[in-house]
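Undergrad: Following this message is one structure expressed as C-alpha coordinates.
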(Lines of atoms letter the chains of each structure in order from A; the text may use other names.)
(Lines give C-alpha, C1' and ligand atoms only; values in the text may rest on other atoms or scores of the structure.)
Protein backbone atom coordinates (compact mmCIF):
# COMPACT_ATOMS: atom_id res chain seq x y z
CA UNK A 1 0.00 0.00 0.00
CA UNK A 2 1.39 3.39 -0.97
CA UNK A 3 1.94 5.43 2.18
CA UNK A 4 3.03 8.68 0.61
CA UNK A 5 1.24 10.99 -1.76
CA UNK A 6 0.69 14.55 -2.83
CA UNK A 7 -2.31 16.62 -1.94
CA UNK A 8 -3.41 18.65 -4.96
CA UNK A 9 -2.50 22.30 -5.29
CA UNK A 10 -5.21 24.58 -6.67
CA UNK A 11 -4.78 26.36 -9.97
CA UNK A 12 -3.33 29.79 -9.49
CA UNK A 13 -5.38 32.84 -10.38
CA UNK A 14 -4.47 36.48 -9.77
CA UNK A 15 -4.98 37.50 -6.16
CA UNK A 16 -8.22 39.42 -5.66
CA UNK A 17 -8.24 43.17 -5.82
CA UNK A 18 -9.30 45.29 -2.88
CA UNK A 19 -12.97 44.70 -3.66
CA UNK A 20 -12.61 40.93 -3.53
CA UNK A 21 -10.45 41.15 -0.44
CA UNK A 22 -13.33 42.82 1.33
CA UNK A 23 -15.54 39.85 0.49
CA UNK A 24 -13.13 37.60 2.38
CA UNK A 25 -13.71 39.53 5.58
CA UNK A 26 -11.39 41.80 7.60
CA UNK A 27 -7.64 41.41 7.35
CA UNK A 28 -6.57 38.98 10.07
CA UNK A 29 -2.83 39.24 9.56
CA UNK A 30 -2.45 42.97 10.06
CA UNK A 31 0.89 42.37 11.76
CA UNK A 32 2.30 40.49 8.77
CA UNK A 33 3.52 41.72 5.39
CA UNK A 34 1.81 40.29 2.30
CA UNK A 35 3.54 37.20 0.94
CA UNK A 36 4.51 36.55 -2.63
CA UNK A 37 3.57 33.27 -4.28
CA UNK A 38 5.76 30.31 -3.46
CA UNK A 39 7.50 28.74 -6.42
CA UNK A 40 6.30 25.21 -5.98
CA UNK A 41 6.84 23.91 -9.47
CA UNK A 42 4.43 21.83 -11.45
CA UNK A 43 4.33 18.97 -8.95
CA UNK A 44 4.11 15.26 -9.64
CA UNK A 45 1.20 12.95 -10.39
CA UNK A 46 -1.50 12.50 -7.79
CA UNK A 47 -0.70 9.34 -5.87
CA UNK A 48 -3.81 9.27 -3.66
CA UNK A 49 -6.89 9.13 -5.86
CA UNK A 50 -9.13 9.21 -2.80
CA UNK A 51 -8.14 12.76 -1.98
CA UNK A 52 -10.65 15.50 -2.85
CA UNK A 53 -9.71 18.37 -5.15
CA UNK A 54 -8.67 21.53 -3.35
CA UNK A 55 -12.02 23.16 -4.02
CA UNK A 56 -14.02 20.45 -2.29
CA UNK A 57 -14.95 20.84 1.32
CA UNK A 58 -14.89 17.33 2.71
CA UNK A 59 -12.66 16.83 5.61
CA UNK A 60 -12.27 17.37 9.25
CA UNK A 61 -10.36 16.47 12.29
CA UNK A 62 -10.30 16.66 16.02
CA UNK A 63 -7.38 17.01 18.33
CA UNK A 64 -6.87 15.76 21.84
CA UNK A 65 -4.50 16.47 24.73
CA UNK A 66 -3.34 15.44 28.24
CA UNK A 67 -3.71 17.80 31.17
CA UNK A 68 -1.18 15.91 33.30
CA UNK A 69 1.60 16.03 30.73
CA UNK A 70 4.44 18.48 30.95
CA UNK A 71 3.49 21.13 28.40
CA UNK A 72 5.83 21.19 25.43
CA UNK A 73 4.36 24.13 23.56
CA UNK A 74 7.20 26.20 22.22
CA UNK A 75 9.73 23.84 23.77
CA UNK A 76 12.63 23.53 21.40
CA UNK A 77 11.57 26.66 19.58
CA UNK A 78 14.06 29.47 19.11
CA UNK A 79 14.46 31.68 22.18
CA UNK A 80 12.55 34.92 22.16
CA UNK A 81 14.32 38.25 22.36
CA UNK A 82 14.14 40.12 25.65
CA UNK A 83 11.61 42.51 24.14
CA UNK A 84 9.36 39.63 23.07
CA UNK A 85 9.60 38.07 26.53
CA UNK A 86 8.71 41.42 28.02
CA UNK A 87 5.62 41.72 25.87
CA UNK A 88 4.68 38.08 26.38
CA UNK A 89 3.93 37.75 22.70
CA UNK A 90 5.84 36.32 19.79
CA UNK A 91 5.04 37.93 16.47
CA UNK A 92 4.51 35.54 13.61
CA UNK A 93 6.80 36.58 10.78
CA UNK A 94 7.60 35.20 7.39
CA UNK A 95 10.99 33.69 6.85
CA UNK A 96 12.25 35.00 3.53
CA UNK A 97 14.68 32.85 1.63
CA UNK A 98 16.91 33.97 -1.21
CA UNK A 99 16.11 31.17 -3.61
CA UNK A 100 13.64 31.20 -6.47
CA UNK A 101 12.01 34.30 -4.91
CA UNK A 102 10.14 32.02 -2.51
CA UNK A 103 8.69 33.02 0.84
CA UNK A 104 8.47 30.66 3.80
CA UNK A 105 5.07 31.15 5.41
CA UNK A 106 5.15 31.68 9.16
CA UNK A 107 3.42 29.05 11.32
CA UNK A 108 2.17 29.47 14.87
CA UNK A 109 0.07 27.06 16.91
CA UNK A 110 -2.74 27.68 19.41
CA UNK A 111 -4.61 25.08 21.47
CA UNK A 112 -7.53 24.58 23.86
CA UNK A 113 -8.44 21.39 25.72
CA UNK A 114 -11.44 20.25 27.74
CA UNK A 115 -11.84 17.09 29.81
CA UNK A 116 -15.54 17.00 29.04
CA UNK A 117 -17.52 14.23 30.73
CA UNK A 118 -14.55 11.87 31.06
CA UNK A 119 -12.99 11.18 34.46
CA UNK A 120 -9.49 12.02 33.24
CA UNK A 121 -7.83 13.81 30.36
CA UNK A 122 -6.21 11.19 28.13
CA UNK A 123 -5.25 13.51 25.28
CA UNK A 124 -1.89 15.14 24.64
CA UNK A 125 -0.53 17.72 22.24
CA UNK A 126 2.74 19.31 21.15
CA UNK A 127 3.35 22.72 19.55
CA UNK A 128 6.85 23.45 18.26
CA UNK A 129 6.70 26.52 16.05
CA UNK A 130 10.36 26.30 15.03
CA UNK A 131 12.78 23.41 15.64
CA UNK A 132 15.15 24.19 12.79
CA UNK A 133 18.19 24.57 15.04
CA UNK A 134 17.45 21.33 16.88
CA UNK A 135 17.05 19.36 13.64
CA UNK A 136 20.26 20.79 12.13
CA UNK A 137 19.08 20.18 8.54
CA UNK A 138 21.24 20.67 5.43
CA UNK A 139 21.33 24.48 5.34
CA UNK A 140 21.31 24.66 1.55
CA UNK A 141 18.10 22.63 1.26
CA UNK A 142 15.97 23.34 4.35
CA UNK A 143 15.50 26.66 6.13
CA UNK A 144 12.57 26.03 8.52
CA UNK A 145 11.18 23.02 10.38
CA UNK A 146 8.02 23.11 12.52
CA UNK A 147 6.11 20.34 14.30
CA UNK A 148 2.53 20.12 15.56
CA UNK A 149 0.83 17.00 16.93
CA UNK A 150 -2.22 15.70 18.79
CA UNK A 151 -2.60 12.33 20.54
CA UNK A 152 -5.83 10.71 21.72
CA UNK A 153 -5.17 8.14 24.42
CA UNK A 154 -7.33 5.15 25.34
CA UNK A 155 -7.03 2.69 28.19
CA UNK A 156 -5.08 5.29 30.17
CA UNK A 157 -2.94 8.39 29.70
CA UNK A 158 0.49 6.73 29.47
CA UNK A 159 0.68 6.04 25.71
CA UNK A 160 -0.47 9.50 24.64
CA UNK A 161 1.77 11.18 27.19
CA UNK A 162 4.76 9.05 26.12
CA UNK A 163 4.16 9.86 22.45
CA UNK A 164 3.86 13.58 23.17
CA UNK A 165 7.13 13.58 25.08
CA UNK A 166 9.17 11.30 22.84
CA UNK A 167 7.94 11.27 19.23
CA UNK A 168 9.38 14.68 18.32
CA UNK A 169 12.62 13.90 20.17
CA UNK A 170 13.08 10.77 18.07
CA UNK A 171 12.17 12.78 14.97
CA UNK A 172 14.84 15.37 15.73
CA UNK A 173 17.47 12.66 16.21
CA UNK A 174 16.53 10.95 12.94
CA UNK A 175 16.01 14.11 10.88
CA UNK A 176 18.20 14.17 7.72
CA UNK A 177 21.58 15.82 8.17
CA UNK A 178 24.47 16.33 5.79
CA UNK A 179 24.17 15.61 2.08
CA UNK A 180 20.68 14.54 1.04
CA UNK A 181 19.78 13.54 -2.51
CA UNK A 182 16.00 13.75 -2.04
CA UNK A 183 14.59 15.70 0.90
CA UNK A 184 11.09 14.27 0.46
CA UNK A 185 12.13 10.61 0.38
CA UNK A 186 14.46 11.16 3.32
CA UNK A 187 11.77 12.90 5.38
CA UNK A 188 9.33 10.08 4.61
CA UNK A 189 11.82 7.47 5.83
CA UNK A 190 12.52 9.62 8.89
CA UNK A 191 8.82 9.70 9.82
CA UNK A 192 8.34 5.96 9.30
CA UNK A 193 11.40 5.17 11.45
CA UNK A 194 10.32 7.67 14.10
CA UNK A 195 6.87 6.13 14.55
CA UNK A 196 8.29 2.59 14.59
CA UNK A 197 10.97 3.48 17.15
CA UNK A 198 8.57 5.39 19.42
CA UNK A 199 6.07 2.52 19.41
CA UNK A 200 8.79 -0.04 20.16
CA UNK A 201 10.08 2.09 23.04
CA UNK A 202 6.65 2.38 24.62
CA UNK A 203 5.80 -1.31 24.16
CA UNK A 204 9.10 -2.27 25.79
CA UNK A 205 8.36 -0.05 28.77
CA UNK A 206 4.72 -1.19 28.95
CA UNK A 207 5.59 -4.90 28.91
CA UNK A 208 8.12 -4.46 31.72
CA UNK A 209 5.42 -3.30 34.13
CA UNK A 210 3.49 -5.61 36.46
CA UNK A 211 0.78 -5.81 35.37
CA UNK A 212 1.69 -4.76 31.84
CA UNK A 213 0.29 -1.47 30.61
CA UNK A 214 -2.49 -1.79 28.05
CA UNK A 215 -2.63 1.88 27.05
CA UNK A 216 -2.76 2.99 23.42
CA UNK A 217 -2.96 6.26 21.51
CA UNK A 218 -3.77 7.73 18.13
CA UNK A 219 -1.28 10.18 16.62
CA UNK A 220 -1.66 12.95 14.06
CA UNK A 221 1.47 14.95 13.33
CA UNK A 222 2.15 17.80 10.92
CA UNK A 223 5.82 18.33 10.08
CA UNK A 224 6.44 21.53 8.11
CA UNK A 225 9.67 21.59 6.11
CA UNK A 226 9.82 25.04 4.52
CA UNK A 227 6.45 25.30 2.72
CA UNK A 228 5.84 21.55 2.45
CA UNK A 229 3.61 19.85 5.01
CA UNK A 230 4.22 16.18 5.80
CA UNK A 231 1.24 14.70 7.62
CA UNK A 232 1.68 11.37 9.42
CA UNK A 233 -1.19 9.80 11.32
CA UNK A 234 -2.42 6.70 13.13
CA UNK A 235 -6.03 6.14 14.11
CA UNK A 236 -8.96 8.54 13.95
CA UNK A 237 -7.46 11.89 14.95
CA UNK A 238 -7.43 14.22 11.98
CA UNK A 239 -5.76 17.22 10.33
CA UNK A 240 -7.68 19.68 8.14
CA UNK A 241 -6.41 22.53 5.96
CA UNK A 242 -8.56 25.62 5.44
CA UNK A 243 -7.91 26.84 1.88
CA UNK A 244 -9.54 29.81 0.16
CA UNK A 245 -10.84 29.24 -3.38
CA UNK A 246 -10.61 32.48 -5.34
CA UNK A 247 -13.01 31.32 -8.05
CA UNK A 248 -15.85 30.42 -5.69
CA UNK A 249 -14.72 32.97 -3.09
CA UNK A 250 -15.33 30.36 -0.40
CA UNK A 251 -13.15 28.51 2.09
CA UNK A 252 -12.85 24.74 1.76
CA UNK A 253 -11.92 22.09 4.34
CA UNK A 254 -9.23 19.89 2.78
CA UNK A 255 -8.47 16.61 4.55
CA UNK A 256 -4.76 16.12 5.21
CA UNK A 257 -5.02 12.81 7.06
CA UNK A 258 -6.65 9.41 6.68
CA UNK A 259 -8.73 7.77 9.38
CA UNK A 260 -7.93 4.18 10.35
CA UNK A 261 -10.75 2.05 11.67
CA UNK A 262 -11.23 -1.74 11.49
CA UNK A 263 -14.26 -1.52 9.20
CA UNK A 264 -12.19 -0.23 6.27
CA UNK A 265 -11.44 -2.98 3.76
CA UNK A 266 -7.64 -2.74 3.74
CA UNK A 267 -7.49 -2.45 7.51
CA UNK A 268 -9.83 -5.40 8.04
CA UNK A 269 -7.88 -7.58 5.57
CA UNK A 270 -4.60 -6.87 7.36
CA UNK A 271 -6.16 -7.72 10.72
CA UNK A 272 -7.67 -10.96 9.45
CA UNK A 273 -4.41 -12.05 7.77
CA UNK A 274 -2.66 -11.59 11.11
CA UNK A 275 -5.16 -13.89 12.81
CA UNK A 276 -7.39 -11.22 14.32
CA UNK A 277 -11.02 -10.43 13.61
CA UNK A 278 -13.36 -7.46 13.51
CA UNK A 279 -16.59 -7.61 15.53
CA UNK A 280 -19.04 -4.76 15.94
CA UNK A 281 -16.62 -2.48 14.09
CA UNK A 282 -13.77 -3.12 16.56
CA UNK A 283 -10.62 -5.23 16.64
CA UNK A 284 -11.58 -8.38 18.58
CA UNK A 285 -14.77 -6.50 19.43
CA UNK A 286 -12.84 -4.06 21.67
CA UNK A 287 -10.41 -1.63 19.96
CA UNK A 288 -11.96 1.12 17.83
CA UNK A 289 -8.83 2.01 15.80
CA UNK A 290 -6.72 -0.23 13.58
CA UNK A 291 -3.44 1.71 13.90
CA UNK A 292 -1.97 3.13 17.08
CA UNK A 293 0.99 3.62 19.37
CA UNK A 294 0.90 1.09 22.21
CA UNK A 295 -1.96 -1.43 22.43
CA UNK A 296 0.57 -4.24 22.76
CA UNK A 297 -2.07 -6.94 23.17
CA UNK A 298 -3.47 -6.10 19.71
CA UNK A 299 -0.23 -5.75 17.76
CA UNK A 300 -0.13 -9.51 17.15
CA UNK A 301 -3.65 -9.23 15.72
CA UNK A 302 -2.78 -6.85 12.89
CA UNK A 303 -2.90 -3.47 14.61
CA UNK A 304 0.12 -1.53 13.35
CA UNK A 305 2.10 1.62 14.11
CA UNK A 306 2.93 2.28 10.43
CA UNK A 307 1.46 5.73 9.68
CA UNK A 308 -0.14 7.01 6.53
CA UNK A 309 2.01 9.85 5.24
CA UNK A 310 0.78 12.62 2.98
CA UNK A 311 2.42 15.71 1.57
CA UNK A 312 0.88 19.12 0.89
CA UNK A 313 2.36 22.27 -0.64
CA UNK A 314 1.29 25.43 1.19
CA UNK A 315 -0.07 28.24 -0.98
CA UNK A 316 -0.93 31.92 -0.37
CA UNK A 317 -4.60 30.85 -0.24
CA UNK A 318 -4.14 28.68 2.87
CA UNK A 319 -5.49 30.15 6.10
CA UNK A 320 -4.94 27.65 8.91
CA UNK A 321 -4.53 23.98 9.84
CA UNK A 322 -6.91 22.31 12.30
CA UNK A 323 -5.70 19.28 14.26
CA UNK A 324 -8.15 17.47 16.51
CA UNK A 325 -9.24 14.07 17.81
CA UNK A 326 -12.61 12.42 17.42
CA UNK A 327 -14.09 14.15 20.49
CA UNK A 328 -14.60 17.27 18.38
CA UNK A 329 -15.87 15.55 15.27
CA UNK A 330 -18.49 13.51 17.08
CA UNK A 331 -20.46 16.77 17.25
CA UNK A 332 -18.93 18.88 14.44
CA UNK A 333 -18.50 18.13 10.76
CA UNK A 334 -15.17 19.29 9.28
CA UNK A 335 -16.94 22.06 7.36
CA UNK A 336 -18.78 23.22 10.49
CA UNK A 337 -15.54 23.33 12.47
CA UNK A 338 -13.70 25.32 9.79
CA UNK A 339 -16.58 27.78 9.40
CA UNK A 340 -16.85 28.17 13.18
CA UNK A 341 -13.16 29.08 13.36
CA UNK A 342 -13.49 31.51 10.45
CA UNK A 343 -16.39 33.28 12.15
CA UNK A 344 -14.26 33.73 15.28
CA UNK A 345 -11.33 35.09 13.26
CA UNK A 346 -13.65 37.70 11.75
CA UNK A 347 -15.11 38.74 15.11
CA UNK A 348 -13.84 42.27 15.72
CA UNK A 349 -15.36 42.29 19.20
CA UNK A 350 -12.71 39.92 20.56
CA UNK A 351 -10.67 41.81 23.13
CA UNK A 352 -6.91 42.06 22.63
CA UNK A 353 -5.00 41.49 25.84
CA UNK A 354 -1.83 43.36 26.66
CA UNK A 355 1.21 41.86 24.96
CA UNK A 356 -0.84 40.00 22.33
CA UNK A 357 -1.64 40.95 18.76
CA UNK A 358 -5.20 41.03 17.45
CA UNK A 359 -4.50 37.89 15.43
CA UNK A 360 -3.19 36.03 18.50
CA UNK A 361 -6.29 36.99 20.47
CA UNK A 362 -8.64 35.81 17.73
CA UNK A 363 -6.93 32.46 17.20
CA UNK A 364 -6.87 31.77 20.94
CA UNK A 365 -10.54 32.68 21.16
CA UNK A 366 -11.35 30.43 18.20
CA UNK A 367 -9.73 27.42 19.90
CA UNK A 368 -11.46 28.06 23.22
CA UNK A 369 -14.88 28.75 21.73
CA UNK A 370 -14.79 25.66 19.50
CA UNK A 371 -13.74 23.40 22.39
CA UNK A 372 -16.47 24.87 24.61
CA UNK A 373 -19.10 24.48 21.91
CA UNK A 374 -18.16 20.81 21.39
CA UNK A 375 -18.76 20.15 25.10
CA UNK A 376 -22.04 22.10 24.99
CA UNK A 377 -23.20 19.99 22.04
CA UNK A 378 -22.79 16.88 24.15
CA UNK A 379 -19.42 15.41 23.20
CA UNK A 380 -18.77 12.87 25.94
CA UNK A 381 -15.10 12.55 25.00
CA UNK A 382 -12.06 14.66 25.82
CA UNK A 383 -11.86 17.62 23.43
CA UNK A 384 -8.67 19.25 22.20
CA UNK A 385 -8.61 21.84 19.43
CA UNK A 386 -5.33 22.93 17.86
CA UNK A 387 -5.24 25.60 15.17
CA UNK A 388 -2.01 26.44 13.32
CA UNK A 389 -2.03 29.93 11.87
CA UNK A 390 -0.45 30.32 8.43
CA UNK A 391 1.14 33.77 8.08
CA UNK A 392 0.78 35.74 4.85
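Easy rule for this one: first residue shown is 1, then count along the chain.
For all residues, glycine too, the Cβ spot is worked out from N, Cα and C.
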Undergrad: Where Swiss-Prot shows 326, 381 binding Mn(2+) 2, which of 130, 152 is named for the same site?
TA: 152
Undergrad: If you run the three-state DSSP split on residue 381 (Mn(2+) 2 binding site), which class comes out?
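TA: Its secondary structure by DSSP: coil.
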Undergrad: Which state, by DSSP, holds residue 152 (Mn(2+) 2 binding site): helix, strand or coil?
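TA: Its secondary structure by DSSP: strand.
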Undergrad: Just name the winner among 152, 326, 381 (the binding-site residues) by count of other CB atoms within 10 A of its CB.
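TA: Counting every other Cβ within 10 Å of each candidate, the maximum falls on 152.
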